[in-house]
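Novice: This is the structure, below, for whatever I ask next.
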Amino acid sequence: MMVDVLIKDISQMVTMKGSNGPRRGKDMREVHLIEDGWIAIKGDKIVAVGSGLMEENLKIGKNTMVIDGKGKTVTPGLVDPHTHLVHGGSRENELALKLNGVPYLDILAQGGGILSTVKATRKATVEELMQQGKRSLDQMLSFGVTTVEVKSGYGLNTETELKQLEVIRQLNKEHPCDLVPTFMGAHAIPMEYKEDPDVFVDIVIDEMLPAVVERGLAEFCDVFCEKGVFTVAQSRRVLEAAREAGLKLRIHVDEIEALGGAELAAEMGAITAEHLMVTSEEDMKKMAKAGVIAALLPGTSFNLMVGKYAQARKMIDYGVPITLSTDYNPGSCPTENIQFIMTLGCLAMKMTPEEVFTAVTINGAAAVDRQGDIGSLEVGKKADVVIFNAPNINYIPYHFGINHVDKVLKNGKLVVDKGRVI
């Protein structure tokens, strides 16, 4: 077989070989490293992975791209399973408020936070949203991310929610990264319904959701279950309607106060529960039993300066599968740098480098229901591959604040070279 791409003499390769995940407990440390390895690609698929001498049936031709992996670490394409990528405006004006100790929910109650981004997103044109989205996706790709979950939720009316989701669909067509769309009309209560949130929930269920489903614009539905946002009862209503309409479920819970959202995620069979900064051990056990993946967002804790992080170690001990994400958004976590999030996973949440890589590869893939296609370097999976300028996996979270990516292949095509999108 003539191969299109051969990466050879790889110092360390993280294959993530094994079950399609999600991995949990001690299995999160089993990344199945190969040293002095190689990987062969034909078209958009991985056709062989090994160490030492290449298999005899694989042929290199004059058109084969041969990449030297000496001194490099090679991993599956990274997955960022929780982002708010498409938005208008920015919120640097809130930095001074945060530094003066104004709580996040107080900023939201004053019409800031999510609501200020809603205002900007409603005003933004499709072209403006496309340009902003492409910039952020280029940044993510340069850091090694090849698959991104993207939520709506900065419209809070049918017209703008559809506009956001249409932009997400178009970005998915035009950008190398694969985008997984999530409808999040229940992201906040807009000012016009502040005194009657149940009416807004009716609009999400009866008007927004059918319009989204009719157009095939979303794969998932998400809700922000939090004090001052949506109650457990309201969240359940939205999720039940979304499930009945054929969408898969995810839910923002326990970011600031534990209302019972993690238990709701387990009850509803959500694929992910996200944030989980104040989740009880009892609810961790319920999530583990139900197989809910914990999408942890340490960058948000870092940026909000709350002094606490999700209890990743306890979750791992209880058997909750964990993924990590940037939570990229213009307010509580304005970063596209997944590598910094990996460092926080180690330093702030005491995860091992092996657990961190599991979290951003195969478990990230499971969090967006793509584990059969991506998340590991195995024969038959998509050729989404990252080549890091690092001698081993420990070096990447250890040496933080820079971009370690040398090259990225997406579907077998070189899309990043020398750390730059091409």
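Residue 1 is the first one shown; counting continues down the chain.
For all residues, glycine too, the Cβ spot is worked out from N, Cα and C.
Owing to the predicted nature of the structure, the values given are computational and were not obtained by experimental measurement.
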Novice: Need one residue: from Asp4, Asp178, Asp327, the one Swiss-Prot lists with His82, His84, His252 for Zn(2+).
Specialist: Asp327
Novice: Looking at Swiss-Prot, Arg91, Tyr154, Glu255, Ser332 are annotated for 4-imidazolone-5-propanoate. Which of His32, His187 sits in that same site?
Specialist: His187
Novice: Measure from the Cβ of Gly331 (N-formimidoyl-L-glutamate binding site) and count the other Cβ atoms within 10 Å, all protein chains considered.
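Specialist: Result for Gly331 (N-formimidoyl-L-glutamate binding site): 25 neighbouring Cβ atoms inside 10 Å.
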Novice: What residues, ordered by sequence, lie under 8 A Cβ-to-Cβ from Glu255 (4-imidazolone-5-propanoate binding site) and sit at least six positions away in the same chain?
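Specialist: Looking at Cβ-Cβ distances below 8 Å from Glu255 (4-imidazolone-5-propanoate binding site), excluding near sequence neighbours, one finds Glu226, His275, Leu276, Met277, Val278, Thr300.
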Novice: Considering the binding-site residues His82, His187, which residue's Cβ sits among the greatest number of other Cβ atoms within 10 Å?
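Specialist: Compared across His82, His187, the most Cβ atoms within 10 Å surround His82.
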Novice: Of all the binding-site residues given, namely His84, Asn329, Gly331, which is spatially nearest to His187 (4-imidazolone-5-propanoate binding site) at the Cα level?
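Specialist: Out of the listed candidates, the nearest Cα belongs to His84.
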Novice: Comparing the binding-site residues His84, Arg91, His252, which residue's C-beta has the most other C-beta atoms within 10 angstroms in this structure?
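Specialist: Compared across His84, Arg91, His252, the most Cβ atoms within 10 Å surround His252.
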Novice: What whole-number Å value do you get for the CA-CA distance of Arg91 (4-imidazolone-5-propanoate binding site) and His252 (Fe(3+) binding site)?
Specialist: 21
Novice: Express in Å, rounded to the nearest integer, the largest CA to CA distance found among the 4-imidazolone-5-propanoate-binding residues Arg91, Tyr154, His187, Glu255, Ser332 named in the record.
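Specialist: Farthest-apart Cα atoms in Arg91, Tyr154, His187, Glu255, Ser332 are separated by 20 Å.
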